[in-house]
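Student: Sharing a structure with you now.
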Amino acid sequence: MQRAGYGVYAPLFTGHGTIEPMDILTKGNPDIWWAEASAAVSHMTAKYDRVFVFGLSLGGIFAMKALEILPGVTAGGVFSSPILPGKHHLVPGFLKYAQYMNRLAGVPDESTQILAYLPGQLAAIDNFATGVAADLYLVNKPIFIGQAGADELVDGQLAYQLRDALINAPQVDFHWYDNAKHVITVNSAHHALQQDVIAFMQQENEG
């Protein structure tokens, strides 16, 4: 995005970006993350006339909330985001991630401890996402949806339902990335995703 001439601000949510997976479960929660997302939008609207908000996975829930209620947001979108309830695989996915991080850090497996906290955190996230899903009708800005075609964490088919639920969005730019896994921002889909997002932003800026 920066190479294309756009200013970029990527907030790091509390508990994320550390080598300790338990930090996500014990230091952060949806209310904290939403406050951080809101502050990030305020930071950008103070500097730019047009602000686009995008989020991957969990971040997509907060990006969509911003698109629903923050007036300073011009447009934006979500990538592989579990906004709607469905057959997601977040528990095994997080355990696999945690086990990898534990091996990387050379510490004992924390799966038992994680399983004591993970259901409560996921319930809090689901509750927040339910509120976002209920307010999708408030979105009156152009939306980009990018979904991994081989998503191992999120029920990808729900991306179509998300598209159809955005009844008041003037445009929904939908992209399905065949054979791509969940994190489409860095995997085999990332070049196509980047080009598609830039095209979406350019169209909105020209419009």
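Note: Cβ is positioned from N, Cα and C throughout, glycine not excepted.
Just lifted these from TrEMBL, have a look:
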DOMAIN    1-101  domain 'Serine aminopeptidase S33'
ACT_SITE  S57  active site, nucleophile
ACT_SITE  D151  active site, charge relay system
ACT_SITE  H182  active site, charge relay system
Student: Can you tell me how far the Cα of H182 (active site, charge relay system) sits from the Cα of D151 (active site, charge relay system), in Å?
Tutor: 4
Student: Show which residues of the chain containing D151 (active site, charge relay system), separated from it by at least 6 in sequence, have their CB under 8 Å from its CB.
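Tutor: In sequence order, S80, A180, K181, H182 meet the Cβ cut-off.
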Student: If you average the pLDDT over the domain 'Serine aminopeptidase S33' (1-101), what number do you get?
Tutor: 94
